[in-house]
Ligand SMILES: O=C(O)c1ccc(O)c(O)c1
Ligand SMILES: [Mg+2]
């Protein structure tokens with residue numbers, strides 16, 4: 001299947017758009033006329049530049065307000081079309097998109113529109129060009145792909161076909177199944193876009209909020225299945241009007257687009273195996289069994305501070321790397337790797353942002369399959385020459401320069417080989433596994449990250465929640481595996497004044513701001529931590545007064561919670577206990593959780609936790625957090 005993307009989907013000059021689109025791996029583009037007009041080159045020159053990038057012009061668009069006009073205006077519309085045909089021939093574009101008219105003087109009538117399109121098809125044929133007719137969801141008379149198809153069917157001309165756009169069909173809630181009845185060779189082009197479910201005017205929704213397939217809430221896989229089941233074999237293209245994307249990084253958006261399109265085609269193939277999507281086979285989304293390790297880069301006094309915090313949390317140093325300045329810290333099934341190497345990736349990560357999480361290791365169903373899927377979706381592998389005695393564990397570059405390692409299920413030998421340690425650590429304070437990893441990013445990066453995780457792994461998205469920081473809003477998007485073995489929260493900051501925003505400002509990429517660890521008895525754990533000198537985040541009395549009002553909690557229980565600074569939430573699934581560490585110098589912190597059937601992340605507590613962290617920061621004289 002050939003892939004394409006509309007130039008309108010990407011930010012920058014035409015040259016920047018073409019570079020990003022070609023590098024992301026697309027075969028072609030839909031050239032938006034405006035992108036041609038704003039360029040200083042002639043049509044021939046622009047056409048050649050596009051082909052020099054290895055791209056074809058799959059579509060020229062849009063041509064508006066054509067069909068159904070009264071005689072005088074009708075003649076002018078044909079003259080206008082002839083001029084655009086001249087331009088297309090110079091560009092080397094063979095197919096033009098005619099979108100259904102919104103002209104106030106346009107007249108209705110299927111046969112009238114069919115007659116106009118037949119004549120346009122005749123004129124296009126004389127020049128070796130083709131016409132694709134698309135129903136805009138807000139078209140004056142034609143706003144349903146079934147009507148557009150009836151018009152194309154009656155136009156009955158070999159050079160006139162239909163263009164399908166998932167947004168216009170699914171945005172209006174039309175059933176895509178009707179597409180299966182359109183002969184595949186009458187579908188000239190297919191545009192894909194998703195969108196978040198928001199109740200608003202269709203035109204405004206379409207022009208500002210579309211996003212990549214899989215990033216929104218529309219049933220885009222069902223739509224694509226119907227299109228391919230109809231026998232369509234032309235390009236599959238992304239046409240994404242989105243304010244954020246227009247202002248974002250051209251390269252990131254183009255790569256996201258490619259990742260989403262390949263994922264979509266692969267999903268179609270899995271849902272309907274009879275369909276040939278004309279793509280080499282790729283492994284399925286992988287199941288993540290859990291977090292195998294979290295690696296920190298650290299050094300000197302900062303390293304001492306982190307080690308003291310880990311000891312207070314009940315971790316023990318259980319191994320030293322045979323060849324490098326790396327130590328393994330364990331407790332239960334949690335493995336934290338402290339990398340103090342001055343060279344390597346960890347060394348450069350430290351130079352850029354001090355003590356921080358520089359690598360995450362995931363235990364997956366198959367590391368080789370994960371690597372193959374990641375590569376097919378456009379990720380680069382991460383390579384570093386292994387030291388003597390170091391295993392060569394497969395890894396990729398995630399977004400923003402991050403690194404993810406993949407360990408096959410039952411990877412116990414890694415810890416034995418590299419650290420002379422067992423896979424499982426001491427009981428310590430009863431911490432068992434990593435519950436979730438929280439990454440902070442700008443709001444604009446959230447879709448990229450959720451697409452990244454959701455396309456690679458079997459994970460589902462929870463609804464986005466807004467978290468109130470005293471100085472602004474932070475949006476939080478959680479993704480997790482069905483069984484909860486791997487959970488990620490993505491926190492998008494809109495301003496640097498929020499706690500998340502100030503942490504981000506002093507970091508790089510999408511740093512890990514906290515890691516949550518599980519216990520199955522948070523009171524016993526807290527008691528031990530209290531003894532070992534763990535510094536819990538102090539919560540105000542007001543918080544506990546409010547808990548009494550909101551929940552039916554036993555007073556003795558509440559007194560214990562207050563004593564240990566334990567936070568609480570409950571919903572129809574169960575109860576949730578949280579305990580936060582005080583943040584380190586650069587704002588990183590640990591969270592301890594106990595889930596009694598509860599599936600969320602304690603969002604109602606987040607504003608109080610953030611305010612408490614900021615208050616503590618002010619007391620310690622740390623500016624803004
Ligand atoms: O918003 C529009 O005008 C517009 C133009 C061309 C398209 O293909 C489309 O889907 C929408
Ligand atoms: Mg369209």
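Keep in mind that glycine also has a Cβ here, set from the backbone N, Cα and C atoms.
TrEMBL: automatically predicted annotations, no manual curation.
When the candidates 436, 496 are compared with the Mg(2+) site entry in TrEMBL, which names 514, 591, the shared residue is 436. Of the residues 94, 150, 215, 239, TrEMBL puts just one in the divalent metal cation site with 134, 165, 191: 239. The two recorded residues, residue 239 (divalent metal cation binding site) and residue 514 (Mg(2+) binding site), show a Cα separation of 36 Å.
With a CB cut-off of under 6 A applied against ligand 1, the binding-site residues 165, 514, 591 are reduced to 165. A distance of 52 Å separates the Cα atom of residue 134 (divalent metal cation binding site) from that of residue 591 (Mg(2+) binding site). Here the CA atom of residue 436 (Mg(2+) binding site) lies 36 Å from the CA atom of residue 191 (divalent metal cation binding site). There are 22 other Cβ atoms within 10 Å of the Cβ belonging to residue 514 (Mg(2+) binding site). When the neighbouring Cβ atoms lying within 10 Å are counted for each of the binding-site residues (134, 165, 239), the highest count belongs to 239. Cα-Cα distance from residue 165 (divalent metal cation binding site) to residue 514 (Mg(2+) binding site): 41 Å (rounded to the nearest whole number). Not one of the binding-site residues listed as 436, 514, 591 brings a Cβ under 6 Å of any atom of ligand 2.
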